[in-house]
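Q: My questions will all concern the structure given below.
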Amino acid sequence: MSKKPLLVMAAGGTGGHMFPAQALAEQMLARGWRVKLSTDARGARYISGFPDAVEIEQISSATFARGGIAAKLLVPFRILGGIISAKVKMLSDKPTVVVGFGGYPSIPALSAAWILRRPRMIHEQNGVLGRVNQVFAKRVDAVACGIWPTPMPAGVQAFDTGNPVRAAVLEREGAPYIPPGDYPMSILVIGGSQGARILSDVVPGAITKLPEDILRNIRISHQARDEDGHRVAEFYSDHGIDADVRAFFDDIPSRMADAQLVISRAGASSIADISVIGRPSILIPYAVAAGDHQTANARGLVDAQAAVLIPESKLTIESLAENISAILTQDKAAVAMAAGARTVGRPNATGALVDMVEQLAQKAGHNA
Ligand SMILES: CC(=O)N[C@H]1[C@@H](OP(=O)(O)OP(=O)(O)OC[C@H]2O[C@@H](n3ccc(=O)[nH]c3=O)[C@H](O)[C@@H]2O)O[C@H](CO)[C@@H](O)[C@@H]1O
């Protein structure tokens with residue numbers, strides 16, 4: 001009996017790196033692969049949705065983005081320690097393929113794979129190559145992109161796979177859209193995997209400015225950061241608005257399918273989910289995201305006239321209320337937006353990524 005091929009995935013930091021890894025794991029297991037995930041403490045918060053068969057390996061976090069000077073000075077040593085321990089593990093595991101999803105937690109596994117010449121690739125979720133992926137783009141066998149085209153360093157050929165979405169999102173692919181009308185309507189408000197303060201500051205006020213006939217029919221699902229949740233819930237309740245406020249919804253796919261409108265940051269997986277399920281959206285890209293990548297991520301939906309983009313600098317209670325009201329009072333236009341979103345959706349992204357992994361394995365002489 002031949003040994004199962006082994007995929008090692010390296011992802012962590014934010015949900016944005018973890019959800020595409022989860023989607024890939026789901027399908028690689030179904031293809032008979034063993035799957036290991038190397039992640040940090042922040043990534044570990046998102047492993048509950050991963051299939052049980054995925055073997056989890058927690059590595060110590062290392063990032064220059066947070067912490068004091070002392071912590072930052074330690075980062076190179078932590079990374080070096082991580083690379084050495086990844087190399088030791090890789091010498092015995094001999095992974096068939098290693099895939100990095102970007103961010104600092106992908107450095108140890110990708111570096112070890114590079115040193116040991118194991119087949120390796122990266123997946124970039126955003127329309128701008130992240131810092132870690134920039135370093136590895138020339139040191140891997142293949143580069144997959146979630147947004148197309150994403151500018152690459154000279155000499156790097158990339159492949160357009162799209163951004164993988166989880167199985168629970170695929171189950172709602174093309175779920176019928178109920179246009180806005182004189183009946184209960186839902187608005188879903190999401191700020192990426194960690195919530196966004198600006199949405200808690202502006203959305204509730206904008207909702208109260210909606211015309212009375214919309215207001216009496218509206219139900220809000222609002223993801224707010226832990227520290228903002230109480231005031232947001234209290235505001236909605238003081239204004240008699242039916243709202244469910246939580247730090248994280250585990251059932252986003254069904255809430256999104258039920259929504260007449262999604263108000264969201266433009267993180268890669270949020271955009272991918274909105275596109276595959278197909279819902280009208282108002283997008284507020286995170287202004288300080290590296291290389292303004294959230295604006296690049298939003299481009300596809302905006303070009304398909306499926307989304308309205310409001311830059312943070314233009315976001316006011318009034319501008320948001322106007323845009324919400326315009327979408328919820330024009331049912332035909334809302335239906336066209338939902339259909340436009342679907343044209344951008346990439347339900348086969350995970351399959352394309354799986355094919356890349358298996359081609360890499362075959363090229364390296366492993367008959368997966
Ligand atoms: C602030 C920041 O730097 N964000 C980055 C982070 O995204 P971030 O981690 O914020 O998240 P994404 O938007 O990529 O993905 C969020 C995922 O969480 C889901 N969700 C959200 C809220 C909730 O309550 N429940 C739930 O399940 C969404 O449906 C989506 O699938 O990594 C992404 C991929 O590199 C980048 O594009 C983002 O710019």
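Just so it is clear, glycine is given a Cβ too, placed from its N, Cα and C backbone atoms.
Curation does not apply to TrEMBL; its annotations are automatic.
So TrEMBL has the following annotated:
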BINDING   Thr14, Gly15, Gly16, Asn126, Arg166, Ser193, Gln294  UDP-N-acetyl-alpha-D-glucosamine binding site
DOMAIN    8-144  domain 'Glycosyltransferase family 28 N-terminal'
DOMAIN    187-341  domain 'Glycosyl transferase family 28 C-terminal'
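Could you place these features in context, so I can see how deep they sit and what lies close by?
A: Taking a C-beta cut-off of under 8 Å and a sequence gap of six or more, Thr14 (UDP-N-acetyl-alpha-D-glucosamine binding site) has these contacts in its own chain: Arg42, Gly43, Gly103, Gly192, Ser193, Gln194.
For the domain 'Glycosyl transferase family 28 C-terminal' (187-341), the mean pLDDT of the prediction comes to 97.
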Q: What binding-site residues among Gly16, Arg166, Ser193, Gln294 have a C-beta sitting less than 6 Å from any atom of ligand 1?
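A: Only Gly16, Ser193, Gln294 qualify.
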Q: Using DSSP and collapsing to three states, where does Arg166 (UDP-N-acetyl-alpha-D-glucosamine binding site) fall: helix, strand or coil?
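A: DSSP assigns Arg166 (UDP-N-acetyl-alpha-D-glucosamine binding site) to coil.
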Q: Compile a sequence-ordered list of residues in the same chain as Gly16 (UDP-N-acetyl-alpha-D-glucosamine binding site), six or more apart from it, whose Cβ lies below 8 A from its Cβ; state 'none' when nothing qualifies.
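A: Set apart from Gly16 (UDP-N-acetyl-alpha-D-glucosamine binding site) by at least 6 residues yet with Cβ under 8 Å, we have Gln125, Gly192, Ser193, Gly267, Ala268, Ser269.
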Q: Ten-angstrom check, please: count other Cβ atoms within 10 Å of the Cβ of Gly15 (UDP-N-acetyl-alpha-D-glucosamine binding site), all chains counted.
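A: Around the Cβ of Gly15 (UDP-N-acetyl-alpha-D-glucosamine binding site), 21 other Cβ atoms lie within 10 Å.
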Q: Suppose we draw a 10 Å sphere around the Cβ of Gln294 (UDP-N-acetyl-alpha-D-glucosamine binding site). How many other Cβ atoms does it contain, all chains included?
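A: Total other Cβ atoms inside 10 Å, all chains included: 27.
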Q: Under DSSP, is Gly16 (UDP-N-acetyl-alpha-D-glucosamine binding site) helix, strand or coil?
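A: Once the DSSP labels are grouped into three classes, Gly16 (UDP-N-acetyl-alpha-D-glucosamine binding site) ends up as helix.
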